[in-house]
């Protein structure tokens, strides 16, 4: 997340700032650095890392707890894992959405927006952001974007479906898949799932940010009516491609993050086995 955080910054700017021209990712980042300073692409890194840690803890704790109760020593199946993963995803969304609302606003604080309809924020930190949002917008504003977030819980299921389909096609031509094969089909499946659900991610970001003057009375919690309204407005004003602004940055971040994690995993595994081998060699 830290290495490729600027890509996430570029993606969020393009999603939220409707009037920013949809340029290539590196051009957007160069604009941000020129207008706001060298460290601007890393604005809001700490709140995002904190939210990510909390979110992963909630998800995996819920996943393993539910799995332990349901499976009870029996062999787990793919279907059960998907169901448990979906429920854990829903619990995660309901508990951690306030954190993501706050960090979205902190990431965008001080940004040079092209859209005059965006109301600027002045938060001193995470706790102050919570305080101001509750004071000025009400407690429910902390759950802005909940509905699209719940729909996005299906993203891993879409990814898994395409992953399994691509894997079956490759296994028809060869007996075994290499590590590179697994990485490539995993990256392709993730890219497809991200592209399919990206319009919802755009609406999720707009609702979490919640600083547009447009339609302020109909934004709370991001209901289905709200999501459809925002999708319609975006398409009407900017065409279907308006829903996909920032997709390039998102795909770059997704694929490069997966590649980096794969590389680090392989290096750590190799180093661990080397150390274990050295230890065993020293035993009498």
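Every residue gets a Cβ built from N, Cα and C, even glycine.
Annotations in TrEMBL come from automatic prediction, not curation.
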If you check TrEMBL, which stretch out of 147-166, 207-226, 227-246 is marked transmembrane segment?
147-166
Matching range for TrEMBL feature annotation, transmembrane segment, among 178-200, 247-269:
178-200
Per DSSP, what is the residue count of the repeat 'Solcar' (76-169) in each of helix, strand and coil?
72 helix, 1 strand, 21 coil
Looking only at the repeat 'Solcar' (1-69), what are its DSSP counts of helix, strand and coil residues?
52 helix, 0 strand, 17 coil
